[in-house]
Amino acid sequence: MGKSSKDKRDAYYRLAKEQGWRARSAFKLLQLDEEFDLFSNVSRVVDLCAAPGSWSQVLSRVLIKGEKFGRSAWQDRDAKVRQQMLGVFPEAFTAEQKEAIEKETSHDAAQNGVETTAANPDVKIVSIDLQPISPLAGITTLRADITHPATVPLLLSALDPSYDPATAAGTQAQHPVDLVLSDGAPDVTGLHDLDIYVQSQLLFAALNLALCVLKPGGKFVAKIFRGRNVDILYAQLKIFFEKVIVAKPRSSRASSVEAFIVCLNFRPPAGFHASLEEPLGVGQRLDRLVKERDMQLPIVAEATMQSNRGTWDCSVKSAPATSHEGGITEVEVYDETEGNHKENGARWIAPFIACGDLSAFDSDASYQLPEDYVSLDPVQPPIAPPYKRALEMRAGQSKTTR
Ligand code: SAM
């Protein structure tokens, strides 16, 4: 398969090279920001699992350089056709449609969807990955494992070189971060359940790290693979954040189980102390927190149900609908069979938002490219990818068999 067939099949891969992004994932973050305004009031950011660095590039361009990306950065040609049609047949459009199209046009007028406001020198961004990240202006990059406890002090020192763990314990200096991002993914094996499990472990590592460094009111955004019991994870995240939303940007393939969990307004339970020495996701600490939180919710309905497995006592607990975007009511159901309290009965249905409207390129579609299309090279090939050794071994083998 030639380079241009991948360009055709994956519009975001092609756009990333054309616009100078190191990976197509940049569009996922831009589309998440468009929906959730992630970058407003944010000056200290940690980008976990950041290599090759396209999310860090977005952070650098938006937060440090003050650039603002409009929709036309990822818009399909249909939108451009609409703009031309409006010029030729204005009478074919309603006033509302005209307004929407003119808005799209004004983004285009601003340097292909990029407007620039004032640069902000106070911004601090630290990016971490197991793999080396090629340098990026204004960004501190660390090569570290996010699952290791030593990574937190390393990160805090990178954010503030005068940070001293001995004097900072329990102080504001330990929680300076406004936004933690994690696009972490293990090397997928193709064994679905195993991949989902390893991904969930990486997510817990990112969450534990975020809990250690986030300011109250902070935000956490992480990649998830939506597996069978993902709603338990949503309920767990809900202990720490006021809003927990599952988001699927248009640049994330619909055919993939990938989605992003957007957690807003960090508000840990009273007395909670984050620690990587006693991380959540290991042992019973998280279960205890879920139960404590459940005990505070009012019961709004109770019923006894019968099935061929016996009699079930169910109670539905609810928090006010106003606590969520979109007015979705939090519902948790506990089932009890004879002498068997079903611990995992807690279910909370997180709101799901698809971000990036239909004018954006469809990540599952193939697009016709112009005859004279020239395929570009990737902006920043990986420096030391995990498959490098395998390639070297294969090259060595083919030499010896010649
Ligand atoms: N957001 C990145 C970008 O925009 O360029 C892409 C991230 S890539 C999908 C996933 C990354 O997770 C890989 O670079 C991998 O090395 C990293 N990763 C996986 N496990 C990790 C760990 N335990 N600690 C740090 N990074 C890890």
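Backbone N, Cα and C atoms are what each Cβ position is placed from, and that goes for glycine too.
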Residue among D37, D129, D160 sharing the S-adenosyl-L-methionine site, where TrEMBL lists G53, W55, D145, D183 as binders: D129
Collapsed DSSP category at D129 (S-adenosyl-L-methionine binding site): strand
Chain residues in Cβ proximity to the domain 'Ribosomal RNA methyltransferase FtsJ' (21-62) (below 8 Å; excluding those fewer than six residues from its ends, i.e. six or more beyond): 10, 12-13, 15, 68-69, 71, 73-74, 120, 122-134, 136-139, 141, 146, 155, 159, 176-185, 202, 206, 209-210, 213, 219, 221, 245, 247, 249-252, 260, 262, 264, 353, 355-356, 360, 378-383
Contacting recorded positions, sequence order - G53, D183, K223 vs ligand 1, Cβ under 6 Å: G53, D183
Those binding-site residues of G53, W55, D129, D145 having Cα within 10 angstroms of K223 (active site, proton acceptor): none
For S-adenosyl-L-methionine, whose listed binding residues are G53, W55, D129, D145, D183, the greatest C-alpha pairwise distance in Å: 18
Residues of the domain 'Ribosomal RNA methyltransferase FtsJ' (121-266) by DSSP state, where helix covers H, G and I: 46 helix, 47 strand, 53 coil
